[in-house]
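Visitor: Feature list, courtesy of TrEMBL:
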- 20-27, 67-71, 131-134: GTP binding site (BINDING)
- 12-181: domain 'Era-type G' (DOMAIN)
- 212-294: domain 'KH type-2' (DOMAIN)
- 20-27: region 'G1' (REGION)
- 46-50: region 'G2' (REGION)
- 67-70: region 'G3' (REGION)
- 131-134: region 'G4' (REGION)
Amino acid sequence: MEFRTDYPEGYRAGFACFVGRPNTGKSTLTNALVGEKVAITSAKPQTTRHTIRGIVHKDDHQLILIDTPGLHKPRTLLGSRLNDLVASTLGEVDVIGFCLPADEPIGPGDRYIASQLSLLDGRTPIVALVTKVDRVPKDKVAEALMAVGELADFADVVPVSAVEDFQVDTVDSVLAAHLPKSPPLYPDGDLTDEPEEKMIAELVREAALEGVRDELPHSLAVQVEEMYPREGRSEDNPLWNVHVNLYVERPSQKAIIIGKGGSRLKAIGSESRQGIERLLGTKVYLDLHVKVAKDWQRDPKQLGRLGFDFNN
Ligand SMILES: Nc1nc2c(ncn2[C@@H]2O[C@H](COP(=O)(O)OP(=O)(O)OP(=O)(O)O)[C@@H](O)[C@H]2O)c(=O)[nH]1
């Protein structure tokens with residue numbers, strides 16, 4: 001991909017990130033803005049482990065989105081590292097979008113986030129994004145906007161529905177207005193700079209989380225062990241081997257993932273393989289292994305091995 005050189009006078013480029021309680025629509029909004037599925041969405045809270053960037057390319061700006069994990073009070077070592085990550089991300093971006101769903105009252109979780117954001121002392125502009133407005137009647141939207149406006153000193157308050165594509169463009173332009181004047185920071189057309197392996201791991205993770213019990217999301221880590229072209233690979237037969245490990249904390253969780261006679265693991269494989277093949281543009285032979293890594297969330301060594309060592 002080429003860097004654009006014919007960008008107009010006044011072109012802006014920079015970084016934005018979304019914060020908000022789990023499940024407030026951050027990933028869905030990222031996807032709607034970028035126009036392709038780059039962030040993992042899920043009906044379960046706190047499934048966005050990795051900081052995934054989506055890039056919005058417009059004629060007069062480039063908006064680079066960092067999809068942070070939900071801000072929350074740390075429960076485990078992993079939790080506190082996530083918070084460190086969020087804190088360091090927040091100081092680096094040009095604008096923050098604070099997602100608050102229109103269909104839920106403002107609660108202690110939102111106030112906790114607002115208090116964290118106030119530590120930035122107004123150095124970074126914060127735009128309140130009132131998400132999921134399709135879920136409430138029109139007259140309730142105004143009420144939600146007023147309540148949100150009282151929570152903190154926002155640069156703007158924008159109602160949006162990512163699902164119904166209502167005001168998604170407005171969110172883009174309101175965020176872009178806070179970006180610095182700058183040449184493009186990424187080549188034209190790039191949607192994400194995540195390495196393929198990370199995206200593959202996320203596709204498997206998303207498939208594995210479908211329809212399982214609530215405690216599992218926090219206990220599941222996925223890592224691509226290796227990928228290489230299969231022997232005899234040719235233009236007619238472009239097969240790749242992709243070997244993926246799924247780590248859980250307990251043998252009982254391993255049994256859930258594998259399912260009766262391996263049925264769930266098979267379903268996870270066939271579901272995620274489609275996305276992986278689309279991503280790589282080739283047929284793949286997907287090899288999934290489920291392993292027990294006891295208490296990995298609390299063990300710094302294992303966290304590092306699984307790619308969660310954010311300090312390095
Ligand atoms: N009706 C409606 N549902 C939405 C909208 N945006 C998100 N959702 C739903 O809300 C749920 C959570 O959305 P996500 O985008 O995964 O939320 P998130 O804030 O990224 O969640 P975490 O990764 O847990 O922090 C999903 O079931 C979405 O389909 C919207 O505009 N309208």
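Going from the start of the chain as shown, residues are counted 1 onward.
Cβ coordinates come from backbone N, Cα and C, glycine included.
TrEMBL entries are annotated by machine, without manual review.
Note that this is a predicted model, so its numbers are computed, not measured.
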Visitor: What counts of helix, strand and coil residues does DSSP assign across the domain 'KH type-2' (212-294)?
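Guide: Looking at the domain 'KH type-2' (212-294) with DSSP, the answer is 32 helix, 27 strand, 24 coil.
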Visitor: Would you mind checking how many other C-beta atoms are within 10 angstroms of the C-beta on K26 (GTP binding site)?
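Guide: A count of 28.
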Visitor: Within the domain 'Era-type G' (12-181), what mean pLDDT does the predicted structure show?
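Guide: PLDDT averaged over the stretch: 82.
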Visitor: What does DSSP say about N23 (GTP binding site): helix, strand or coil?
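Guide: The residue in question, N23 (GTP binding site), is coil (DSSP, three-state).
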Visitor: With DSSP as the reference, give the number of residues of the region 'G4' (131-134) in helix, strand and coil.
Guide: 2 helix, 1 strand, 1 coil
Visitor: A 10 Å Cβ contact count, applied to the binding-site residues G20, N23: which residue has the minimum?
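Guide: Lowest Cβ count within 10 Å among the binding-site residues (G20, N23) is N23.
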